[in-house]
Amino acid sequence: MKALVALILLVQLPIHKAVPAAPPAPLGCDDPESVAAAEAAVNYINGHSDHGYKFALNRIKDIRVVPQGPNNAIIFLELDLLETKCAILSPTPLANCTVRSFAEHAVEGDCDVKLQKVDGIISVLASKCHSHADSSEDVHKVCPDCPLLASLNNTEVLEVVSAALNYYNRKTIDSYLRLLEIGRAKIQYHPVHAVFAEFAVGATNCSAEQAKANVGACQLLPEDQSNFGFCTAVMVKHPSQDLQVDCQLYGHQVPAPHIPLLSRPGVTYAHPGQDTSAGLVPSAVGFINHNLGLSHNNPVASESSSSEIFRSMLSAKSLTKGAVPVAAQHDRVPRPVGFVPLPPSCPGKILHFDI
């Protein structure tokens, strides 16, 4: 009898079901964790870029986090970047590189990056980028007389780069410099006709005096002695003629051990049989800026193959049919009366300017 009474009382007890924990709130684009991931992505992109200039973060457009287990998550980022004045070969830390102003005909980079965060450590799995210059119309709305970017193989540009490098090599008592690549160029027609050029150079195994006898024998210094630099030149062609040249050598830099000489930024195209006499890679001919056409997979990443990585990146951008957005899932959680949802946290704030 006592057992029966105990059973009846047990059945009448309220049944408490385990309430599943609410999913973590999605990261905002300006949250510290998002910014840390973006900084890691930008450093990776600059470290694997071969031409042109370093890029700086301008805005985090979107972030998605996919948990993989305890202390393990995959992060997808969409980033807006802006070109800086630091050549990709420059040893200047990115934090000290000046972003080119809007009036200087800015170049923007758009990047998709996949990262992994394990036990608080962020590593980049893959990245895909492209870049483009702002439109001429937008520049002239702000600065009607500002010079615009010119094609890197423009005849006037090639003329100025050749004249500037010859001028410098005639004056210097140091190593003969060889052209690596033309970085950017602008042509102004009013009030004066002037051509502006920027180009990367490398020191050779010849002195400037030795080069006069046999310039063809002058080769870039070997990897353990390499010395790269950067030059700017301005040639005024009308109403008077004038040429100003300034070159700065960076000194020998020890490269990362996994990046051989012929795969280092600014030197990747210098392979036997490839004509680089004009300082142009084939992909740059006819363009006004070096495209940040970077598509790179980390060979030591712990995630899957490159094709799977980019399929994941694409699928993360668009929800499958019938899927519910993360924000909508959170909206299903009961809210107190009078609750006002926070405004969307992406895209993030613009750090420099929008183009």
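Here the Cβ of each residue, glycine as well, is placed from N, Cα and C on the backbone.
Sequence annotations record features per position, and here TrEMBL assigns signal peptide to 1-18. The domain 'Cystatin fetuin-A-type' feature in TrEMBL is assigned to 21-130, 141-250.
Taken together, the residues in the domain 'Cystatin fetuin-A-type' (21-130) have a mean pLDDT of 93 on the 0 to 100 scale. For the domain 'Cystatin fetuin-A-type' (21-130), the number of residues in each DSSP class (helix H, G, I; strand E, B; coil) is 22 helix, 56 strand, 32 coil. The domain 'Cystatin fetuin-A-type' (141-250): residue composition by secondary structure is 28 helix, 51 strand, 31 coil, according to DSSP.
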